[in-house]
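Data block below; observations after.
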Amino acid sequence: MSDVASLARGTADAVVWWHLGLAIMGRMVLPIQRRTRIDSLDVVRGIAVCGIAFVNIALIVRFDSWAENAVSHFLNLFVQQRFFPIFSLLFGVGFGMMWSRARERSQRPRLVLLRRILFLLALGIPHAMVNSGEALLPYATVALVILLPATWIPQRWLVPVTAGLGALSLVGLLAIGGGSIMIVPSLLLLGFAYAVSGEVEHCEDDFRVFVFACAVLLPAVIGCLYWQLHPSSPEMALQAESVAGTVLAAFYIGVIMLLMHTPARRVLTAVFAPLGRMALTNYVSATLVFYMVKWWGKDALGLTDGTLRDWQILMLVVAVMLIAQSIVSALWLRRFKQGPLEQLWRWATWGQWGVTSQTAAKISAASGQRE
């Protein structure tokens, strides 16, 4: 495949990411008194946490040899580097939301954003020491080096500059075979731009956007998967995997959003929204579970040397863990507005501890009556 074709695919991919991001993230930026959670966004984030978990367990529970098998092949095609871009984009949205909120609530909004970044950095450093697939440290580093300085861009230019830099860098990095970590700055910039744009508050309701996106992306998905399976050279294999991962990530977002306009919305919200609302807690706690399997579970589970049976057991462990996390998260959120780590993050950011769900509901109801 020629470099021109690769660049064209990367450009189209960046454009689709932009429109999908606008559609999904737009309703995040609302005046403080009207701020509500968006089920669709929580579901997308929760599914991303699930996909990352299926990959990360193999990075932690290592064996002397890994035999290629149906499970690992499936992960490489449909999971590996497919959910990490979604998670990265949503973290960028989170930073953008925080910046918009801090500008409304604080006389020193950059200090608020800095405190939020430093907490993530403090959490990411030890997490990176035990998890080679760790994402929090890269997110905090990019936010500190790129997003925080970007807030000095005049407000009228903030969205076009950050979105333009994000899209152009994404195209360029994909064209040279940039992997999932390399495109983190691009995705964080795009997510940041989505959140502060203020122009997409109701795009979540536009069913046609997602129909169009899925229709455009489906043939691209097929082509990228074929390219990944049959790269023209070993050097092109990394580029094929990177482009395929980003295209499939965008396609997954479109499919999820389409399903959220069907009767499946209720099930998706019940299962995945709690995981998404407590994404930080669930992401970090998954690492603890995987290390328990690594240290004490190998003999108990009969794991040997990376056979097909071992892979199947690991996937079952992840599935059981995610079910448990979904249940625990739902129960926790009945009492509290945020997860444990999310509440610590809020305290580090604002110096305020989170309120309970009951108190939040009363505040929301009172706000609605005033409106």
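Cβ atoms are placed via backbone N, Cα and C, with glycine included.
So that you can see what the record holds, here are the features copied from TrEMBL:
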- 210-351: domain 'DUF418' (DOMAIN)
- 15-32: transmembrane segment (TRANSMEM)
- 44-63: transmembrane segment (TRANSMEM)
- 83-100: transmembrane segment (TRANSMEM)
- 112-130: transmembrane segment (TRANSMEM)
- 136-152: transmembrane segment (TRANSMEM)
- 157-175: transmembrane segment (TRANSMEM)
- 181-197: transmembrane segment (TRANSMEM)
- 209-230: transmembrane segment (TRANSMEM)
- 242-260: transmembrane segment (TRANSMEM)
- 267-293: transmembrane segment (TRANSMEM)
- 313-333: transmembrane segment (TRANSMEM)
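Within the domain 'DUF418' (210-351), the DSSP-based counts of helix, strand and coil residues read 122 helix, 1 strand, 19 coil.
With a cut-off of 8 Å between Cβ atoms, the residues of this chain six or more beyond the transmembrane segment (112-130) that come close are 60, 95, 98-99, 102, 105-106, 136-141, 143-144, 147-148, 151, 284, 287, 291, 341, 344-345, 348-350.
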